[in-house]
Structures are given as structure tokens and as C-alpha cells.
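Q: In case it's useful when we look at the structure, here is the feature table from Swiss-Prot:
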type	residues	note
BINDING	17-23, 34-35, Y37, T40, G66, 125-126, D128, 156-157	GTP binding site
BINDING	T22, T40, D63	Mg(2+) binding site
CROSSLNK	K191	ubiquitin cross-link
CROSSLNK	K194	ubiquitin cross-link
LIPID	C205	S-geranylgeranyl cysteine
LIPID	C207	S-geranylgeranyl cysteine
MOD_RES	T2	N-acetylthreonine
MOD_RES	S72	phosphoserine
MOD_RES	C207	cysteine methyl ester
MOTIF	28-41	motif 'Switch 1'
MOTIF	67-82	motif 'Switch 2'
Amino acid sequence: MTSRKKVLLKVIILGDSGVGKTSLMNQYVNKKFSNQYKATIGADFLTKEVMVDDRLVTMQIWDTAGQERFQSLGVAFYRGADCCVLVFDVTAPNTFKTLDSWRDEFLIQASPRDPENFPFVVLGNKIDLENRQVATKRAQAWCYSKNNIPYFETSAKEAINVEQAFQTIVRNALKQETEVELYNEFPEPIKLDKNDRTKPSAEGCSC
């Protein structure tokens with residue numbers, strides 16, 4: 001038996017500008033936080049190697065600009081994603097309201113094989129701030145209505161729930177990657193109607 005190959009997982013972080021996507025990524029990968037805000041231009045990514053159930057996994061985490069002019073980054077950017085992280089700011093209701101459009105944008109551009117079960121994770125960021133505007137129950141209700149998406153309330157600044165959230169992200173992404181590999185290795189069998197079983201094929205293979 002050949003040794004198990006190294007797994008590369010592509011994770012995309014989406015959300016409005018200023019919700020803390022870059023800060024969350026930097027806190028998880030580099031254990032750093034900066035109070036200086038610098039808008040992401042286009043897209044950028046960081047990598048991190050983690051062990052999951054004795055498997056070495058390399059996470060390629062893509063951070064995107066939230067401005068509308070960058071919203072359509074192209075099919076190549078979205079394709080091949082194993083998990084999509086949707087981020088909003090709990091102190092800014094408008095960033096929560098746009099989660100639907102970000103989710104739809106991803107599904108349209110990425111065209112996953114099984115969109116109904118594609119793994120999303122939602123992060124309500126900046127819980128360290130006092131002027132909270134989006135209630136936990138409201139966010140949980142939205143996630144439940146979207147096939148029960150896992151939801152975490154985070155603070156990139158205080159490193160609250162960041163590690164826990166990304167553990168769920170990598171496990172869900174790994175599950176998606178495994179299912180895709182199995183799908184590619186074992187294509188769906190041809191289903192014959194019971195009336196077709198006794199009929200010889202006159203057309204031959206339709207491949």
C-alpha cells in the first residue's frame with residue numbers, strides 16, 4: 001500500500017470589508033493581531049500545516065477584499081474550495097445582512113458538486129467590542145435555516161474562539177475533500193431499469 005498523500009485544503013474567507021477577515025486569518029496562522037487596518041486588495045492567502053487524526057494537512061486560507069468591485073474575483077479563485085467561511089461584524093448589522101449574497105456568490109462561482117451539503121462556517125467577529133448589534137440567536141437562526149451551518153462568535157483581537165472555529169473549518173474541509181476524492185475514484189454506477197436487464201444493448205457504450 002502506498003503512503004497516504006499530503007492533503008492540501010483550500011479555504012476561502014468571504015464577508016464585507018472591515019469585518020476582520022484578515023485579522024482572523026493572521027490570528028490563526030501567525031498568532032498576531034494588528035490594530036492598524038489595511039484593506040486587502042484583491043485576494044491573498046496564508047498557509048498553515050496542522051495534524052488531523054494523524055494526517056498532515058496543509059490549509060491554504062484565502063482572504064478576500066470585501067469591496068463590491070472585488071466581489072467577482074473570477075471562477076478560478078472560487079473553484080476547488082473545500083470550505084467557505086462567512087464572516088460578519090456583530091457590531092455592524094449590515095455586514096450580517098449581506099451573508100446571503102456572499103453565500104450565493106460563492107455557490108454560483110464555485111459550482112460545488114453538492115451545493116446543498118457544501119461546508120460553510122459562519123463567524124460573528126468582534127465580540128470584544130461593547131456596542132453589539134447582532135444577537136446570537138439571530139445569527140444562529142440564520143445558520144440553522146441554511147442547513148445548520150456551524151456558527152462561532154470570535155474575537156481576532158482577543159483570540160477568542162479562533163482556534164476552535166478553524167478546527168471545525170479544517171475538519172469540515174477535510175470531509176469535503178475526502179468525499180470529492182471518493183467521488184472521482186468511484187464514479188456513479190449505471191442504474192438499469194428492471195425492464196432493461198434482459199435487453200441486449202444495441203447502441204453499445206454511450207461514453
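Glycine is treated like the rest: Cβ placed from N, Cα and C.
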Q: Using all protein chains shown, find which of the binding-site residues T22, N125 scores highest when you count other CB atoms within 10 A of its CB.
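A: Checking each of T22, N125, the winner is N125.
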Q: Restricting to the motif 'Switch 2' (67-82), report the mean pLDDT as a whole number.
A: 69
Q: Can you check which residue among the binding-site residues S17, S23 has the largest number of Cβ atoms within 10 Å of its own?
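A: Answer by Cβ density within 10 Å: S23.
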Q: Would you mind reading off the Cα separation of S17 (GTP binding site) from D63 (Mg(2+) binding site), to the nearest angstrom?
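A: With distance taken Cα to Cα, D63 (Mg(2+) binding site) is 11 Å from S17 (GTP binding site).
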Q: Give the number of CB atoms, excluding that of D63 (Mg(2+) binding site) itself, located within 10 Å of its CB.
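A: There are 23 of them.
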Q: State which of the following binding-site residues has the fewest other Cβ atoms within 10 Å around its Cβ: G20, A156.
A: G20
Q: To the nearest whole angstrom, what is the C-alpha distance linking A156 (GTP binding site) and T22 (Mg(2+) binding site)?
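A: Counting only the Cα atoms, the answer is 9 Å.
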Q: In which DSSP state, out of helix, strand and coil, do we find S17 (GTP binding site)?
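A: SS state of S17 (GTP binding site) = coil.
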Q: Please report how many Å separate the Cα atom of T22 (Mg(2+) binding site) from that of N125 (GTP binding site), as a whole number.
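A: Computed Cα spacing between T22 (Mg(2+) binding site) and N125 (GTP binding site) is 12 Å.
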Q: How long is the line from the C-alpha of D63 (Mg(2+) binding site) to the C-alpha of S23 (GTP binding site), rounded to the nearest angstrom?
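A: Rounded to a whole number, the Cα-Cα distance is 10 Å.
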